[in-house]
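Step one of this worksheet: look at the structure below.
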């Protein structure tokens, strides 16, 4: 009967695992059997005695997890990994009996001595302490940024709350006066809430600065178009021409603006503190489908109404001769502004459509 051939085996350990490296190449027909107390390995491959069948059988120093043996074949070796039982401890040797096997060697790259285990514990403790100190230092160094972040959140929340309260007042007064005085209230909209709307629209200029200063992540295009467009209608047309102030369309315009903002500002308030209320989000990305076209319709109506009035008064016209040596007819500019308004309406509606598709489309996929 031929003598049993043993391959070279290198072993190492961690607190909870045993590592074996079997020095065999081109291995086939391998067999690995791991019990609580022992390991048995057989394989056909190229070792110290050429291409032959090699095997070894060892009893462990302490019990391991039965059937926990995992192995991986490479071109040069077989790597075996076995899990120790319980919490694990560092073994002084691999085998139960203190015997020296000429083919069993220590894999120093994966070996932890008892003292090394204690050192590793110390190193782990030191690493944890170092990580904690670095975190504390980072927090201290970034204290100003943290304060800045808190200020940003508080400022954005309070700004949106201010605008929300302002437009809630406008909407409430418009409705109250309509209920109390009837249709005649529609001719007094500017008299009733014009000052409040102007305050809100002056404050809205900050919405152009917010993305430029990095206070919000939204783009500057949409607020720029909306704020400048509204302020042109409000301050250049309505405020400058008393006959426009008495037009019922102003009541409808203010009510439409208020309806938009009573949805938009609560959405921004909640977003600034990381809250997402589904109904508010849905309204934010759905109500514009009706309200924005109405707003553009009423703004366009006011521009058309303003053309003959400003042509009559000549306000904002620039006649020759003058130092600039140029003329300007504001009523003709209003004709051009109607084209700009139509283009702006298309761009803003298209922007809102993309936002709605992106926001509500993702929400639907998530659900």
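Cβ coordinates are placed from backbone N, Cα and C, and glycine is handled just like the others.
Noted in TrEMBL for the protein shown:
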DOMAIN    4-95  domain 'CS'
TRANSMEM  157-178  transmembrane segment
TRANSMEM  193-213  transmembrane segment
TRANSMEM  220-239  transmembrane segment
TRANSMEM  251-270  transmembrane segment
TRANSMEM  282-310  transmembrane segment
TRANSMEM  330-349  transmembrane segment
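Residue counts for the domain 'CS' (4-95) under DSSP (helix as H, G, I; strand as E, B; rest coil) come to 0 helix, 55 strand, 37 coil. Of the candidate ranges 157-178, 193-213, 282-310, 157-178 contributes the most Cβ pairs within a distance under 8 Å of the transmembrane segment (251-270).
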